[in-house]
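Now, the feature entries from TrEMBL:
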type	residues	note
DOMAIN	503-553	domain 'Cationic amino acid transporter C-terminal'
TRANSMEM	58-78	transmembrane segment
TRANSMEM	121-142	transmembrane segment
TRANSMEM	185-202	transmembrane segment
TRANSMEM	209-231	transmembrane segment
TRANSMEM	251-272	transmembrane segment
TRANSMEM	336-359	transmembrane segment
TRANSMEM	386-404	transmembrane segment
TRANSMEM	410-431	transmembrane segment
TRANSMEM	443-462	transmembrane segment
TRANSMEM	474-494	transmembrane segment
TRANSMEM	501-524	transmembrane segment
TRANSMEM	530-548	transmembrane segment
Amino acid sequence: METHSSSSSFSTLQSYLKALAQTPRRLARRAPSVSSSYEELSRVKARSGSDMQRTLRWFDLVGLGIGGMVGAGVFVTTGRASRLYAGPAIVVSYAIAGLCALLSAFCYTEFAVHMPVAGGAFSYLRITFGEFAAFLTGANLITEYVMSNAAVSRGLTSYMGAAMGISTTKWRFILPLLPNGFNEIDLVAPAIVLILTLVICYSTRESSVVNMILTTLHILFIAFLILMGLWKGDWNNFTHPGYPQHPSGFFPYGASGVFNGAAMVYLSYIGYDAVSTMAEEVRDPVKDIPIGVSGSVIIVTILYCLMAASMSMLLPYDMIDVEAPFSAAFSGRSELVARVIGVGASFGILTSLLVAMLGQARYMCVIGRSNVVPAWFARVHPKTSTPVNASAFLGIFTAAIALFTDLNILLNLVSIGTLFVFYMVSNAVIYRRYVMVGTTKPWPTLSFLCLFSLTSTIFTLVWHFTPPGKPKPFLLGACVVIAISILQVFHCMVPQARKPAFWGVPFMPWLPSISIFLNVFLLGSLDGPSYVRFGFFSALAVLVYVLYSVHASFDAEIDGSMGQKNVEIVEESKQSEEEEDPSQKV
């Protein structure tokens, strides 16, 4: 092994060019390198300097989960999914989507209880599939957080203007020197982002209190909306369309319409993953995290189903406004209710923005701990016990984008990066349960995951692109039979290598496999531009990793800040697993 001084790859231009020449060797060494839960909880965590204070309880996590999920999404997707796909059965679509979200939440919970660190999915994938897979998913997730938060902050100004009866043109102005799409300056949006940045930098506990107050007001608004819909609505709208020529009944478009609607409204549940990044600040992770994550998903599912039922009672499905369903449903009935909808939507957007900004800072903090981005991002302030550097940098960056860029609020709904991370975490839960480095062979589990994902992809392609007719149900049925057969063979032939000591996903590997299938199906429902964006940002992340991250990570390993070599990491992983109680099975 070559000798290296500290940060040798970047000390001079000659050193950097020499490092680039060694990129293939370094990639082979660092990209698949797997950390251990022991190291993530000790040496890696210590790189932040001060510790984050454990001040959050289960009710804080429930509030953060609800605040993160119930944003602008439900006010947009409900009308479109009901009018175009599910009809009154949009209630069933929300229930199905809630079940999907709960399965993914189970996977997050198992990791968060076992390894309560702030890194969320990045840390989970780093101890499972290695550094490169973790970096790729983490980079996409942070990029999507920043872009979506900028879009949401500009959308918030529109809702605030509607609630106060003021046009957004009053506080937006055009700079003709800038290109279209970047020339409409919004001063309110970045101001909101910067104020929230100060809040999350000051204290996580105070951020949770602010979120709890806003979320409570938002839930009261939703309850008001539901009660007004049930009071002023008509039960006949569940089965009778507004125009006789349109399909009637509770399921006007059949089962396919219900599932297509579920794929669209599922994006309204995105946000609970940010709760897993708060694990390092939870007092009792074993008790609080399962209640906080799963409880918030269940509560939000109930709220969404009731909101969908309320909207379906107010208007026949074929008369619902696809852009602003709730506001349009009440227009002409009650000006006060229409105004309250604008206020309530503002609260919802504000809470989702706050939770997302908390999550993005903690992702960046832990990525900094791994040395694939500058360690400056990993610092935790000794007085506030928050990742101030990461919070301030991402907050300023988000505010800058919100100032210039006319991002449509619907960008917040096309969350392909988040769905991809959900898919990866579901795979990681199975892999970690069935593979122990140095003890079991990974190929049976990897083969199963690849075959199951391939079958799920084929099912999704058939569902979306095969024209209706007799072959389609046969092909779909064949895919289901093959997928179940693959799953059953794996379940019978490959034993689990470890059991979680505290909390684990039940019915392994069935529930995580269903989550894999559903996430693949939902990824297949997104449009082409979503994949173009995902491909662009993924390619950019790979470029950053090859030009910077792999060399910084390699230098850190040589300098000793990455801890022991791979053999010692394996031994520590075994030791940490032996400390878990193997008698408790899930």
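Note that Cβ sites are derived from N, Cα and C of the backbone, with glycine treated the same way.
When DSSP labels each residue, the domain 'Cationic amino acid transporter C-terminal' (503-553) comes out as 40 helix, 0 strand, 11 coil, counted as helix, strand and coil in that order. By the Cβ criterion (distance under 8 Å, sequence gap of 6 or more), the transmembrane segment (209-231) is not counted as touching the transmembrane segment (530-548), fewer than 3 such pairs being found. Away from its own ends, the transmembrane segment (443-462) comes close to residues 427, 430-431, 434-435, 472, 475-476, 479-480, 482-483, 486-487, 490, 493-494, 513, 516-517, 520-521, 523-524 of its chain (Cβ-Cβ under 8 Å, at least six residues beyond either end).
Counting Cβ pairs closer than 8 Å and at least 6 residues apart in sequence, the transmembrane segment (336-359) and the transmembrane segment (58-78) reach three or more and so form a contact. The listed stretches are 58-78, 185-202, 474-494, 501-524, 530-548; of these, 58-78 has the most Cβ pairs under 8 Å to the transmembrane segment (251-272).
Most Cβ pairs within less than 8 Å of the transmembrane segment (501-524), among stretches 121-142, 386-404, 474-494, belong to 474-494. The largest share of C-beta pairs under 8 angstroms with the transmembrane segment (185-202) comes from 386-404, of the ranges 58-78, 121-142, 386-404, 530-548.
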